[in-house]
Ligand SMILES: CC(C)[C@H](C(=O)O)[C@@H](O)C(=O)O
Ligand code: SF4
């Protein structure tokens, strides 16, 4: 048999039918649902008099519109009427249609859809996972074929359990060697995007491999796959290994978990699943259409300076000078970005002062991210700098919040002057009460920095949790390798 990539295997195992022009029908195993992209889909279903095809594939939560304060007031704490309507509509739709699991607003397992999926064993190796959300690529960290879909496709999957798709090309990104202490998964993926550009992965499914990827925890791998979409690829993948299996073991919806006690009991279903999962890697000699290599040792803590994730440099860098750019298009893009960002050419990135800090989002709100940020705050032993108006720490889910509190991380943050919030998408995008005001500059652990992303006129610099924590305390960007 010919050697296949991991992507080839996942595709072959789910394709139901292929037309001559390559259009295929894929079977979907897991459908994650949130409040923003599901209302019209459920309405369409209702109008057509159809039912959800496989209720047990649906796992839902509210995240984008949920407030991160005021939970003591319950649903009355959702100030914005549109947000409130989105959230109550999701509640009603799931009540009417059912789901394998639903973590509504304020449920102890509620959180960002890309955090709660893996956390609850809703995301498993070998699955096809879709959600009406572009960062569904996150789940590829488990060796699952996962990507975002549009609202009309959400309806299609609800109705038929299948999706029309065309196979992408195979790209391998190998990150060789080891990163320096203080250089994290976020820095790796920003460096990748800096190298290949935001269109570099267009038309591909990217498999991330190499020693530096293998060395990452599942949380770190999720951070990398999360931003595959920012590199232009709809899906990112990491091969299954011991860490994958260990992470999945004993999760709420995982095979081998006793549903009454929530404890791992194993059994034939678990053994069979693990046996299959162990096959989920690219075969020796499998052919990739494109291979990109990076040396992990050369990756510095990254900071974006512009309005696209590819506008990124190591912390020792300086804001680019458009006059030095020969290509007129690129020069124009740099000029526009600098004007919007309010930055002077040649300014050292370490001299950029920030007004706000946001530690959260589906890229960096898992327990490991909370630990990394808290470790820096503890090490520095100082408070949030006077010029920083607000520093938010927003855990990705209720379970992350609970775990962080059990470890005392919340105390480290609040003692230093950070705000410790309830879980949700928060300041990643301006769809709830957390946002930047015009002209405000933010060190953010999220994944997008286009104009207005965090609020009209807001200026976003994408960084790792450790870098964001250090920027909060110093009031400007600093090389976090000095503190680890
Ligand atoms: C609201 C949703 C459709 C959107 C996405 O698809 O990514 C959001 O999560 C984002 O990050 O911009
Ligand atoms: S945290 Fe941000 S990127 Fe992730 S799903 Fe929410 S809005 Fe989208």
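Yeah, the Cβs are placed from backbone N, Cα and C, and that goes for glycine too.
For reference, TrEMBL has these:
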- 362, 425, 428: [4Fe-4S] cluster binding site (BINDING)
Near residue 362 ([4Fe-4S] cluster binding site), which residues of its own chain have a C-beta under 8 A away, given they sit six or more steps off in sequence?
112, 113, 114, 115, 135, 138, 226, 396, 425, 428, 447
Which residues, in sequence order, are found in the same chain with Cβ within 8 Å of the centroid defined by the Cβ atoms of 362, 425, 428 at the [4Fe-4S] cluster site, excluding those residues themselves?
63, 64, 112, 114, 135, 360, 361, 363, 365, 396, 424, 426, 429, 446, 447
Protein Cβ atoms within 10 Å of residue 428 ([4Fe-4S] cluster binding site), excluding its own:
29
With every protein chain in view, what's the tally of Cβ atoms within 10 Å of the Cβ of residue 425 ([4Fe-4S] cluster binding site), excluding that atom itself?
30
